[in-house]
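Novice: Features from TrEMBL:
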- A:T153, A:K175, A:T186, A:E266, A:N385, A:S390: substrate binding site (BINDING)
- A:T186: active site, nucleophile (ACT_SITE)
Number of protein chains: 2
Amino acid sequence: MTVTHPKGFRASGVAAGLKASGNPDVALVVNDGPDYTAAGVFTGNRVKAAPVLWSQQVLKGGIVRAVILNSGGANACTGSQGFRDTHATAEHTATVLRGGANRMMIGAGDVAVCSTGLIGELLPMDKLLPGVNAAAKALDADGGAKAAEAIMTTDTVAKNAVAQRDGWSVGGIAKGAGMLAPALATMLVVITTDASADNEVLDAALRAATRVTFDRIDADGCMSTNDTVLLLASGASNRQPSLEELTAAVTEVCHDLAQQLIADAEGATKHIAIEVQGAASEADAVQVGRTVAGNNLVKTAFFGNDPNWGRILAAIGTTSAAFEPDRIDVAINGVWICKGGAAAEDRSKVDLSGRDVSVTINLREGEMSATIWTTDLSHAYVHENSAYSS
Amino acid sequence: MTVTHPKGFRASGVAAGLKASGNPDVALVVNDGPDYTAAGVFTGNRVKAAPVLWSQQVLKGGIVRAVILNSGGANACTGSQGFRDTHATAEHTATVLRGGANRMMIGAGDVAVCSTGLIGELLPMDKLLPGVNAAAKALDADGGAKAAEAIMTTDTVAKNAVAQRDGWSVGGIAKGAGMLAPALATMLVVITTDASADNEVLDAALRAATRVTFDRIDADGCMSTNDTVLLLASGASNRQPSLEELTAAVTEVCHDLAQQLIADAEGATKHIAIEVQGAASEADAVQVGRTVAGNNLVKTAFFGNDPNWGRILAAIGTTSAAFEPDRIDVAINGVWICKGGAAAEDRSKVDLSGRDVSVTINLREGEMSATIWTTDLSHAYVHENSAYSS
């Protein structure tokens, strides 16, 4: 149920001492082919970590044979030394994989690098490089779950997912806690498939999938310095699904992982789905959903089990979406407490005692809709993010 | 030291029972002339409360003889009945001021209305209208401070300010706690002057003043459904300052009130000034300052006394301002812990034990600068905003 479910992949996760806890902190995923096509989606943040800059270059080459990942340090805002360290990590990974039992045909330019953890500090290369050796030795056709464990930071559970199709499959691992954006917690995702697909098809499938999954959790899924989503194809199933079939399977895995990320968000007590209906455009629906999801007063109200539709309307009012204030309807957990921009059903009918909350906003302007997933803003969120220097 | 310091104004504050606490909740400010010129700046929120829609119409008439304000209810998202209630409040205020000891020449169209409190509920008119009667009776040339008290909601102290000039002055009162935007706490401000100035001059002075004061506290000072800043001129000093002189005095009062608002923000433990230097344009400087100020990870780091410059860089990276990541310098309380986008002086040198924090960001792109004021994100903020249904 992870990146090693599709044929043609091995993975591992080992403890290299980057994390003070001694927990696993270096992960490796390798593609044993016969294909080595790949696609990547990276953070929209203009302050990009060294591994993001490196991996963007690797993707331009069109081949990814290995992904080396570490937690315990983001290697972001580390200047030219940080980039040299990322380069050295890729070189070392390629060297190690060319030798030993692996005997892979691989150069540094085929190795993507992902890092997560503290910003602004150099990685302890004297620990990381031996960790790469250990990870290469530990590579296993069942090693995906161990890789998922090794990329955890403040995550409380490892995230794995699979979409099984007839004769081929898609698998994935992810990490990323924090309240995601606007909290800038890093999201790292590696997705694998044993389908055969060229780079253009993989790129189209991955972009279509992330647009409606990772990009719709909280305000913006792509705003850490290190966010990276990679899709690797081995072709080992000897199947070539259509773009639509591949997109559907990749989207299924991305949706599953995105929901796991939201469910594990730092200190959250609510898992909130904000569905915007009746929008004049999908862009309007997404903008309204993100704005409501990102509003601290809305988030704190849900933490307090308060069905505060007035704060939702006030948040909608800050957007540029097409709407008239006196036409908006809002339901919380199915109770239409606001109709035509004013109070409707009694707020006491809204039961907010559970963890899952659904907010439905009808702008009554058109036919388009979108759903954004988010969390509440809790004491535990403040505690975790004021105590953890990341 | 308040709205009744300039000559030609009277004010009052009374308890009408709108607040469950029994504290004063209706305020009245009247202009006894000889001039009745005025200007207003209102919320940019597209969901506007009934009193905002009403007062915008009043301002178009060019004359404001009275401002009636209430706490204990925002009269926002209240539909057509809410607007009828605001209209009735203005009518009643005008009627009462035409009679009794006041004998003012005043119509409903000369009465601005401001409300603050819960969104989505109708005002108890059976309490508010008798409160107007009492406020009219209590009008006093020294009543400004009582008016400031009566508009408080979660404010812990009343806010008053004065700028004294040779022969004329500017006075003001304000309310507005919450973390301001993005928390959408309502800001109400009434500013008075005994200078003589026509509506165009007042409008220019008020817009210039709010642009660099109220608009620069937190991410955006104009996003509640009810935000209103009014400037009334009586001409009673018989002085006619230049636009520059008037702008300077109004800005002084607005700056003073804005700092009082930040100092009293709900649950804040830090008062943070973010100065962006070296920007290519003032708009870039403001955008960077607002984005950093509005970032929850930056805010929680300051609550935890953590000089986390990496989170500041990551926030800057989400803007469209002109910058190169490897040229940015950041100082916290005077210590340049980030130079050229990477770690510089030791973070342990930064003393964050005090309440006041200064962040200096140098983009090294140009000569423009701007300062945004904000607060940290604390447990108390979450508590107050999850418990208070507003």
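Glycine too: its Cβ is placed from the backbone N, Cα and C atoms.
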Novice: Among the binding-site residues A:T153, A:K175, A:T186, A:E266, A:N385, state which ones have a Cβ less than 8 Å from a Cβ of chain B, giving them in sequence order; state 'none' otherwise.
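Specialist: Cβ contacts with chain B under 8 Å: A:N385.
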Novice: Taking A:T153, A:T186 as the binding-site residues to compare, which has the smallest set of other Cβ atoms within 10 Å?
Specialist: A:T153
Novice: Under a three-state reduction of DSSP output, how is A:K175 (substrate binding site) classified: helix, strand, or coil?
Specialist: strand
Novice: Using DSSP, would you call A:N385 (substrate binding site) helix, strand or coil?
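Specialist: For A:N385 (substrate binding site) - judged by DSSP and reduced to three states - the answer is helix.
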